[in-house]
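Student: This is the structure I have questions about; it appears just below.
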There are 2 protein chains.
Amino acid sequence: MAQTSAIKYELLHVEKHTGARLGKITTPHGEVMTPMFMPVGTQASVKNISPRELKEIHSQFILANTYHLWLRPGDDLIAQAGGLHKFMDWDGPILTDSGGFQVWSLSDHNQISEEGVTFRNHLDGRKMFLSPEVAMRIQNNLGSDIMMQLDEAIPYFESYDYVKNSVERTTRWAERALKAHKRPDDQALFGIVQGAGFKDLRKASADSLVALDLPGYAVGGLSVGESKPEMNRVLDFTVPWLPEDKPRYLMGVAAPDSLVDGVIRGIDMFDCVLPTRIGRNGTLMTKHGRIVITNAKYKNDFSPIDPDLDDYASTHFTKAYLHHLIKANELLGQNLASLHNLRYLLKLMEDMRQAIAEDRLLDFRAELMENYGYNKPNARLF
Amino acid sequence: MAQTSAIKYELLHVEKHTGARLGKITTPHGEVMTPMFMPVGTQASVKNISPRELKEIHSQFILANTYHLWLRPGDDLIAQAGGLHKFMDWDGPILTDSGGFQVWSLSDHNQISEEGVTFRNHLDGRKMFLSPEVAMRIQNNLGSDIMMQLDEAIPYFESYDYVKNSVERTTRWAERALKAHKRPDDQALFGIVQGAGFKDLRKASADSLVALDLPGYAVGGLSVGESKPEMNRVLDFTVPWLPEDKPRYLMGVAAPDSLVDGVIRGIDMFDCVLPTRIGRNGTLMTKHGRIVITNAKYKNDFSPIDPDLDDYASTHFTKAYLHHLIKANELLGQNLASLHNLRYLLKLMEDMRQAIAEDRLLDFRAELMENYGYNKPNARLF
């Protein structure tokens, strides 16, 4: 039952000491190198950042949110515009999620059944219904390169019985998604392995989804409140059950230590709103850790934000100017901070790929932990 | 009593039918062609626009607000940063106003005397004092290419006696400003002709300021609520009293018809927050008039914003996408709309300079009025 696949994963090198993977994904909108980080463009726009700025910082892939685009401007309108790439002027690959996560986190009165989820949306309170088939119809309209199956977003510490039933339903939903998929030639459907912290349920989930021979797999239900050792533990036993010749995606992760720890465990793809969200509040990611630029000590600090980074903010402006912009609510400050944080993460992934190619990923991790401040006793981390 | 001048104005051509001037101003930060429009960077940032975007749309000059920078981050800090150009990474010329207008429009409890103005600032309510000397000290710290003298911003329809006293004080304040000016070699001080709608007071104001041989003059107290014919009437009689070899500046004007009518009356320089302010709310200036992009009819309009314009928004995105961004409060929408409106005005001035060079400014005006919709009976104009 091999599927026609819109994407192709090529494993280029396995890091000697960790098993981390250097790879390449060929998509209908070009080739990308992995491991990689995908900026999030929730409503068909990466917040405060233009498509040409995304190119400038070497963003390979972006993510967009099915739930938000379904509500506004509507997937029919985007189809009419010629698809999401054309609508938002992004010619690189796009991944869309299923909408499920937002139904749980943003909407009211959601009720799940075998058929799907009924909920009231957060914009106008209208009652709506999301099912595996609806999620596929929307994503087929959007025309993303990679689509995610609808799954149930459940808290990490649910009971074994609840998780078991949910995991089995998620597999049935993957089968239904596959059947409803109208564009297998130019859109790839990924499955999502669930099972919270239960090893046997993770295995059952992985095995049943792998049997569907999907073009890629996400490890879901992580980065939802569990500890970092807990997340790493789940990755440690789950990733080996995924096929070597398909990309593996860890959703909602952008903390530098989590990225390197995910890569070490064989993850190829990451996304998160963190860099743009904290950027809007004036928190900057740098080689030497986080900077809260509104702190008084930066008021007259005329040094660059991050002398080691090549982004527009770091090469043209001072900390004092960024401090002023954010304090004065000038939106240019949000743009520069968001652009900077995204470039920081994209460069981190570039450096990580280099470290994999050179079989020195553990040294790279040690340097990152030291430089970023993870080894300091009272470091305020994320 | 000729002053050392930091800037030089060169009159290149006088339009045959109107007397409109094509000119060039040489400043410490480069040459600019006039007539021209200056984008406003209130708090050391043109709202939502980066310096490199300003270059891209061929912005020659920008304006910054003394009042705002005095309060935050402080002119001392900006001097410490190496001046405003360096602080905000803008290497072209900058004009700063005196701060007087904001004292009147934004602050509370202001009290004017011969010495200056006492007021409580709008940020923290602290009592402050602005005088001709203080306005010069701040602007000398900022290091702008053109500085404005402190004047009194009075309503257009004040009594004759009030305006007469105010105008005479404004001239005394110009003399004090000139004495307090510490950097005549690299900063030019402009005087401001006041006098509301009273011809004799405008003449007295112009004559007394021209006697000071300042490097340039603004016609002040306009665009403050008077009608457009009223504004044109004041320009008609005031501009001829200003020296031919100095630039003339009309403050706070950006409506296309007011720009061409000002140019026809011999004005060389304009500024206004209008293009960025209306852009943030989704109003776009185009060859065929104003577009309120949030209007439902643009929801699925996949045509460019302005097919005749060369800006990033017009050449890469559709009206439907801009409609979506502004409706969804995506800040990229504000960036694109602001950039677009500024480019519209800068291009309008480029075209106007061409029309002056070719002695066809009246034809240009007639086309502009027709195309922009000023001739429509119920056109909603600005």
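Yeah, the Cβs are placed from backbone N, Cα and C, and that goes for glycine too.
TrEMBL feature annotations, pasted as is:
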{"type": "DOMAIN", "residues": "A:19-372", "note": "domain 'tRNA-guanine(15) transglycosylase-like'"}
{"type": "ACT_SITE", "residues": "A:Asp97", "note": "active site, proton acceptor"}
{"type": "BINDING", "residues": "A:Asp97, A:Ser98, A:Gly99, A:Gly100, A:Phe101, A:Asp151, A:Gln194, A:Gly221", "note": "substrate binding site"}
{"type": "ACT_SITE", "residues": "A:Asp271", "note": "active site, nucleophile"}
{"type": "REGION", "residues": "A:276-280", "note": "region 'RNA binding'"}
Student: DSSP on the region 'RNA binding' (A:276-280): how many residues come out helix, how many strand, how many coil?
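Tutor: Output for the region 'RNA binding' (A:276-280) reads 5 helix, 0 strand, 0 coil.
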Student: Which whole number is the mean pLDDT over the region 'RNA binding' (A:276-280)?
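Tutor: Per the prediction, mean pLDDT sits at 97 for the region 'RNA binding' (A:276-280).
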Student: According to DSSP, which kind of secondary structure is A:Gly221 (substrate binding site) found in, if we only use helix, strand and coil?
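Tutor: The three-state answer is coil.
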Student: Name the secondary structure element type, per DSSP in three states, that contains A:Asp271 (active site, nucleophile).
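Tutor: The three-state answer is strand.
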Student: I'd like to know which of the binding-site residues A:Gly99, A:Gly100, A:Gly221 has the most other Cβ atoms within 10 Å of its Cβ.
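Tutor: When each Cβ's neighbours within 10 Å are tallied, A:Gly221 tops the list.
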Student: Determine the Cβ neighbour count for A:Gln194 (substrate binding site): the number of other Cβ atoms within 10 Å of its Cβ.
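Tutor: A:Gln194 (substrate binding site) is surrounded by 29 other Cβ atoms within 10 Å.
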Student: Just to confirm: which same-chain residues, 6+ apart in sequence, have a Cβ under 8 Å from the Cβ of A:Asp151 (substrate binding site)?
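Tutor: Once residues fewer than 6 apart are set aside, A:Asp151 (substrate binding site) is near A:Ser98, A:Gly100, A:Thr170, A:Trp173, A:Ala174, A:Ile192, A:Gln194, A:Gly220.
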Student: If you measure the residue listed as 'active site, nucleophile' to A:Gly99 (substrate binding site) at Cα, how many Å is it?
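Tutor: Rounded to the nearest whole number, the Cα-Cα distance is 15 Å.
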Student: Provide the three-state secondary structure of A:Phe101 (substrate binding site) computed with DSSP.
Tutor: helix
Student: Measuring Cα to Cα, how many Å separate A:Gly221 (substrate binding site) from A:Asp97 (active site, proton acceptor)?
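Tutor: Here the two Cα atoms lie 13 Å apart.
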Student: Excluding near sequence neighbours, so keeping only residues 6 or more apart in the same chain, what lies with its CB under 8 A of A:Phe101 (substrate binding site)?
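Tutor: Same-chain residues close to A:Phe101 (substrate binding site) (Cβ under 8 Å, separated by 6 or more) are A:Tyr67, A:Ala153.
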Student: Can you see whether DSSP assigns A:Asp151 (substrate binding site) to helix, strand or coil?
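Tutor: Reduced to three states, the DSSP call for A:Asp151 (substrate binding site) is coil.
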Student: Translate the DSSP assignment of A:Gln194 (substrate binding site) into the three-state scheme.
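Tutor: DSSP call for A:Gln194 (substrate binding site): coil, neither helix nor strand.
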Student: Where the record says A:Asp97, A:Ser98, A:Gly99, A:Gly100, A:Phe101, A:Asp151, A:Gln194, A:Gly221 bind substrate, what is the longest distance in Å from one Cα to another among those residues?
Tutor: 16
Student: Do any residues at least six apart in sequence from A:Asp97 (active site, proton acceptor), in the same chain, have a Cβ closer than 8 Å to its Cβ, and if so which, in order?
Tutor: A:Leu63, A:Asn65, A:Thr66, A:Tyr67, A:Met148, A:Met251
